[in-house]
Amino acid sequence: MVKGTFITVEGPDGAGKTTVLNIIAEELAAEGYPIVQTREPGGSPIAEKIRQIVLDKKHTEMDPRTEALLYAAARRQHLIEKIIPALEKGNIVLCDRFIDASIVYQGFARKIGIDEVLKINRFAIENTMPDLTIYFDIEPKIGLERIQKHRQGEMNRLDLETMEFHKMVREGYLQLLDRFPDRIKKVMADRPIEEVKTEAKKLILSLLVKR
Ligand SMILES: Nc1ncnc2c1ncn2[C@@H]1O[C@H](COP(=O)(O)OP(=O)(O)O)[C@@H](O)[C@H]1O
Ligand SMILES: Cc1cn([C@H]2C[C@H](O)[C@@H](COP(=O)(O)OP(=O)(O)O)O2)c(=O)[nH]c1=O
C-alpha cells in the first residue's frame, strides 16, 4: 500500500515552477513534513542520461515518437528508482513535471495525438498517478521573456521551438485542466513569486490535511 502523497507541478517553460517548488519544498521540510523533491526528465542517474539525449540541441533530427518514448522511458526509470520507493516510505513527493507534460508537449503541441501518448505513458507508469497537480498558468511570451532575462546556461532543444509551439503547450494544458478538474488545480503564475508560492502551498496543505 502506498502511504505517501504524490504532487506534481506543470506549466509552460518559464512559468516559475522550479523557483516556487524550491521555496515550498524548503518551507515544508522546515515545518517538519517529509519532503522528497525531484524533477523530470531526470531525477535518477539513468533518467538524467536520457534527459541529456532528449534535450540536446544538436539532436534536431529526433523523431517526435522517439522523443515521446524517451520521455516515457525516463519517467518509468525515475518512478521505479525514486518516486515509488519514496511514496512507500510515506514521503510527500514534489515532482517538477510528469505525465501531463508528455500529453501536452508530445501529444498536443508535437501533434502525435493525446491518446497515443497516453497509451505509452500508461504502459510506463502503470497506475501511479499524482494525487494533485498544480498547473502554473502563464502566457508563453512572458515565460520565455523570464527565461531569456535570467539565462546563464546553454539553450536546450525545446528553447529553440517557435512561439506557435509554446502557445500550443499552454492551450494543451488548459484542455487538460478541463478534462481532469479534480486532480489539476490552476495557479495564475504571472504574479510576484511570493503570491504564486502562497497559493500553490495552500493547495498542497489543503490536500495534506485531508489525508
Ligand atoms: N513570479 C515570477 N516573477 C518573475 N520572475 C520569475 C517568477 N517566477 C520565476 N521567475 C524567474 O523566471 C525564470 C524561470 O523560472 P523557473 O522557475 O526556472 O521556471 P520553470 O521551471 O517553470 O521553467 C527564473 O529566472 C526565475 O527567477
Ligand atoms: C517531462 C517532459 C518535459 N518536456 C519538456 C518541457 C521542457 O521544455 C523540457 C524540460 O526542460 P527543463 O529545462 O527542465 O524545463 P522546465 O524548467 O521548464 O521544466 O522538457 C517534454 O516535452 N515532455 C515531457 O514529458
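Glycine is no exception: its Cβ is also placed from the backbone N, Cα and C atoms.
Automated prediction, rather than curation, is the source of TrEMBL annotations.
Taken from TrEMBL as is:
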BINDING   Gly11, Pro12, Asp13, Gly14, Ala15, Gly16, Lys17, Thr18  ATP binding site
DOMAIN    9-199  domain 'Thymidylate kinase-like'
Give the helix, strand or coil assignment DSSP yields for Thr18 (ATP binding site).
helix
Checking the binding-site residues Gly11, Asp13, Gly16, Thr18: which ones have Cβ within under 6 Å of ligand 2?
Asp13, Thr18
In sequence order, which same-chain residues at least six apart have a C-beta under 8 angstroms from Gly16 (ATP binding site)?
Phe136, Ile138, Arg146, Ala189, Ile193, Val196
Would you identify the secondary structure of Gly11 (ATP binding site) according to DSSP, in three states?
coil
Spatial neighbours of Pro12 (ATP binding site) that are distant in sequence (at least 6 apart) but have CB under 8 A:
Phe136, Ile138, Pro140, Gly143, His166, Val169, Arg170, Tyr173
Relative to the mean position of the Cβ atoms of Gly11, Pro12, Asp13, Gly14, Ala15, Gly16, Lys17, Thr18, the recorded ATP site, which additional same-chain residues have Cβ within 8 Å?
Phe136, Ile138, Gly143, Ala189
